[in-house]
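Q: Sharing a structure below in C-alpha cells format, with a few things to ask.
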Amino acid sequence: METQALNNNNYHKNATEEELQKEKAINDWLPITSSRNAKWWYSAFHNVTAMVGAGVLSLPYAMSELGWGPGVTVLVLSWIITLYTLWQMVEMHEMVPGKRFDRYHELGQYAFGEKLGLYIVVPQQLVVEVGVNIVYMVTGGKSLKKFHDTVCSDCKNIKLTYFIMIFASVHFVLSHLPNFNAISGVSLAAAVMSLSYSTIAWAASAHKGVQENVEYGYKAKSTAGTVFNFFSALGDVAFAYAGHNVVLEIQATIPSTPEKPSKGPMWRGVIVAYIVVALCYFPVALVGYWMFGNAVKDNILISLEKPKWLIAMANMFVVIHVIGSYQIYAMPVFDMIETVLVKKLNFKPSSILRFIVRNVYVAFTMFVAITFPFFGGLLGFFGGFAFAPTTYFLPCVMWLAIYKPRRFSLSWWCNWVCIVLGLMLMILSPIGGLRTIIIEAKTYKFYS
C-alpha cells in the first residue's frame, strides 16, 4: 500500500516537473519571454519607436481642427496623463513577488479575473496592434509613393497599391526575427528616424515662414462640421500616444531580480522616451499650425512642397521609422497567435509554424491596407475606439482594482480624473472619425 502511495507521489512529482519543463520550453520559444537581457536604453528606443508614430505628422492638422487654446490643452494633458498611466503599468509589472506580468492581458487577468481579464484586454489590444499595423502599411506605402513622386516628377504614375506591396515585402523578411531583442537594431534606427523627420517637419515649416493670408479659424462651414472635426482631432491625438499596448511586453525583455527589479531601468528608458516625444510632438504641432494655419494638410510633409531633396529625405525617414514601428506592434500579436497555437491547439513549437503564422499575418495587414487606404479617418476612428481605453484609463481601472487606494486620496482622484477624460475621448472621437471615413468613401474607388 505504502509503495503504491510512494509511486503515485513520484508519478505526480515527475508529471509536474515534466509540465514545468514543457512550460519553460514554450516560454523560451515565445517571442516576448524568450530573451530577457535587454538594457535600459532598449526600453528608451522601443518606447520612442512605439510612441512617436506617423501620428506626429497629423498633429498640425489636428491643431487646425481643435484651435489654439483647446489644441495646446489637449496636447499637454495627453502628455501628462499618458506618462502617469505608463508609470502605473511599469509599477504593476512586478507587484506580485516572484511573478512578472509579461503581457497586457496577464495584468488584466490578475485585476479582473481569468476570463473577464482576457475578454476586456485582448480584443482592445488586438484592435490597437493590428489597426496600427494596417495604418502603418498605408503610411509606408504613401511615403514611398511621395518619395518616388518627389524624386522623379516626370515618371509614369504608379498606383499606391504597388507601393504598399513594396513596403510589405520588407516585413515578409523582418517578421522572422524571433523576439524583441532581435529587433532592437531596427527599433534604434526607427527611433533616430522619428526624431529626424519630426525635426525636418517643424524646421522646414519655420524656414518657410508664416504663409500669406494665414487663417487660424475653424475650416468647416457649419457648426456640425466643426464639432465633428473637433472630435476626430481628439482621436488623432489619442493615436499619437499609443505606446502603452506594448509597454509590458517591452519590460518583459529586461532582466529582473528581487534586489534590482526591472521597473528601475524600464522607468529610466520611459523618461528618456517621453522627453524625445515632447521634442517631436510639441514643435511639429505648434510650428506647423502657426505657419500654415487651417490650410495645413493631414500630413504636414505634404504641405511642405520644397526644398525637394529635404521632403524626399523626410519621407524616406518616415518609411524607415514605420518599418521599425510595424515590427514593435506586430511582436505581441505574433506572441498571442503562437501562444494559442502551441498551448491551446498543441502544435509543436517549430520554425515552420512561425514562418507560416507570420507570413499570413503580414499578408493579411497588407491586403486590408490596400483595400482601405483612407488614412486620417481611420486614425480618428481607431484612436478613440481602442487607443483611449488601453492608453488613458484601463491602467487606472486596474490600479484601482488591485491597489484599492483610499477614497478621495490623491491617487484615487488622479485615477478617476483620467478615467472620466479617457471615457469622453473614447465616446467622442470615433464619431468624428466615422464621419471622415464616410465622406472620403463617397469618392473612393477600390484598388485604384
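Backbone N, Cα and C atoms are what each Cβ position is placed from, and that goes for glycine too.
Automatic, uncurated: that is what TrEMBL annotation is.
Note that this is a predicted model, so its numbers are computed, not measured.
Features from TrEMBL:
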DOMAIN    37-432  domain 'Amino acid transporter transmembrane'
TRANSMEM  40-59  transmembrane segment
TRANSMEM  66-87  transmembrane segment
TRANSMEM  116-139  transmembrane segment
TRANSMEM  160-177  transmembrane segment
TRANSMEM  183-204  transmembrane segment
TRANSMEM  270-292  transmembrane segment
TRANSMEM  312-334  transmembrane segment
TRANSMEM  355-375  transmembrane segment
TRANSMEM  381-402  transmembrane segment
TRANSMEM  414-438  transmembrane segment
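Distances, neighbours, how buried they are, the whole picture for these features please.
A: Sequence-distant neighbours of the transmembrane segment (66-87) (same chain, 6+ residues past either end, Cβ-Cβ under 8 Å): 59, 216, 218, 230, 233-234, 237-238, 240-241, 243-244, 247, 267, 270, 274, 277-278, 281-282, 285-286, 289, 391-393, 395-396, 414, 418, 421-422.
Sequence-distant contacts of the transmembrane segment (116-139) (same chain, at least 6 residues past either end, Cβ-Cβ under 8 Å): 53-54, 104-105, 107-110, 164, 167-168, 242, 245-246, 318, 322, 325-326, 329-330, 332-333, 336, 365-366, 368-370, 372-373, 375, 378-379, 382, 385-387, 389-390, 394.
If one looks beyond the transmembrane segment (270-292) by at least 6 residues along the same chain, the residues whose Cβ comes under 8 Å of a Cβ in the stretch are 41, 43-45, 47-48, 51-52, 56-57, 59-60, 62-64, 68, 71-72, 75, 79, 83, 86-87, 90, 191, 194-195, 198-199, 201-202, 205-206, 208-211, 214, 216, 240-241, 243, 247, 300, 303.
Residues 31-32, 46, 49-50, 52-54, 57, 103-104, 125-126, 128-130, 132-133, 136-137, 139-140, 143-144, 146-147, 150-151, 167, 170-171, 174-175, 177, 179-180, 183, 186-187, 189-191, 193-194, 196-197, 200-201, 204, 245-246, 249, 301, 304, 354, 357-358, 361-362 of the same chain sit 6 or more residues outside the transmembrane segment (312-334) yet have a Cβ under 8 Å from a Cβ within it.
Remote same-chain residues near the transmembrane segment (355-375) are listed as 130, 133-135, 137-139, 141-142, 160-161, 164-165, 168, 171-172, 175-176, 298-299, 330, 333-334, 337-338, 341, 436-437, 440-441, 444, 446-447 (criterion: CB distance under 8 Å, separation of at least six residues from the stretch ends).
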Q: Near the transmembrane segment (160-177), which same-chain residues lie under 8 Å Cβ to Cβ, leaving out any that are not at least 6 residues past its ends?
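A: Sequence-distant neighbours of the transmembrane segment (160-177): 137-138, 140-142, 144-145, 148, 183, 186, 319, 322-323, 326-327, 330, 334, 354-355, 358-359, 361-363, 365-366, 369-370, 373, 447-448.
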Q: Excluding the flanking five residues on each side, which residues at least 6 beyond the ends of the transmembrane segment (183-204) place their CB within less than 8 Å of a CB in that stretch?
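A: For the transmembrane segment (183-204), the list is 38, 42, 44-46, 48-49, 52-53, 56-57, 174, 177, 276, 279-281, 283-284, 287-288, 300-301, 304, 307, 310-311, 313-314, 317-318, 320-325, 327-328, 331.
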Q: So if I exclude everything within five residues of the ends of the transmembrane segment (381-402), which remaining residues of that chain have a CB under 8 angstroms from its CBs? That is, six or more out.
A: 81-82, 85-86, 88-89, 92, 95, 104, 107-108, 110-112, 120-121, 124-125, 127-128, 131-132, 135, 231, 234-239, 241-245, 411-412, 414-416, 418-419, 421-423, 425-431, 433-434, 436-437
